[in-house]
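Feature list (source: Swiss-Prot):
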DOMAIN    30-204  domain 'EngB-type G'
BINDING   38-45, 64-68, 82-85, 149-152, 182-185  GTP binding site
BINDING   Ser45, Thr66  Mg(2+) binding site
Amino acid sequence: MSEKNPIVGLCQKASFLISAAQVDQCPPDEGLEVAFAGRSNAGKSSALNTLTHANLARTSKTPGRTQLLNFFALDDSRRLVDLPGYGYAKVPIPLKQHWQRHLEAYLSSRASLAGVFLMMDIRHPLTDFDRLMLDWAQASQLPIHVLMTKADKLAFGAAKNALLKVRREVQQGWGDVATLQLFSAPKRQGVDEAQMVLAQWLGLLDEDQEAFEEA
């Protein structure tokens with residue numbers, strides 16, 4: 001499936017565009033962009049790199065190191081955005097609050113934002129920060145696709161049970177905007193499914209492909 005997905009070839013041409021500390025430093029609000037968010041240490045950088053087949057996000061050993069919105073151009077009208085890691089205990093509270101203010105401003109005001117990938121560690125899902133992201137997405141009626149990362153850390157049955165449990169809660173609270181799946185960067189589990197979501201949000205699928213995905 002991934003060989004037929006146009007997002008793969010496009011991501012191979014991705015290039016760093018700009019880093020922004022706040023919304024007014026972002027690129028012009030036009031075209032389409034998809035953002036990647038996640039609590040620090042939830043595997044956001046690994047997921048982004050695996051989905052794009054590129055080393056777009058530096059996988060750091062120090063969670064929370066990325067403090068800026070990092071934009072990557074796929075072509076003249078499509079972008080990916082690596083949002084700051086959030087929630088790590090060693091980050092000072094004022095800095096956490098600063099990140100939250102600017103994340104909320106970005107999510108609520110960015111017209112070109114087509115959707116958000118939210119990374120949740122399958123062993124520690126639905127943290128306060130995860131719920132906050134879901135609330136922001138719902139308030140803006142913005143599609144949000146949850147990747148339950150590090151699924152390889154659990155046995156298959158346990159991972160499925162965790163998915164079902166979280167899915168029930170997500171559907172009850174944020175079902176109008178949120179979808180979710182299992183994901184493992186090392187095992188490449190769930191990569192094709194997530195790439196299809198990414199391609200759809202960026203307007204890369206034709207009508208036949210979208211109908212197939214919805215069937």
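Cβ atoms are placed via backbone N, Cα and C, with glycine included.
What you see is a predicted model, and the numbers here were worked out from it, not measured in a lab.
Counting Cβ atoms from all protein chains shown, Ser45 (Mg(2+) binding site) has 23 others lying within 10 Å of its own Cβ. Once Cβ contacts within 10 Å are tallied over all protein chains shown, the binding-site residues Ala42, Leu68, Ala185 are led by Ala42. In the structure shown, across all protein chains, Gly38 is the one of the binding-site residues Gly38, Gly85 with the greatest number of other Cβ atoms within 10 Å.
Its own atom aside, the Cβ of Asp152 (GTP binding site) has 17 Cβ atoms within 10 angstroms in the protein chains shown. In the three-state DSSP classification, Ala42 (GTP binding site) falls within coil. You'll find the Cα of Asp152 (GTP binding site) roughly 17 Å from the Cα of Ser45 (Mg(2+) binding site).
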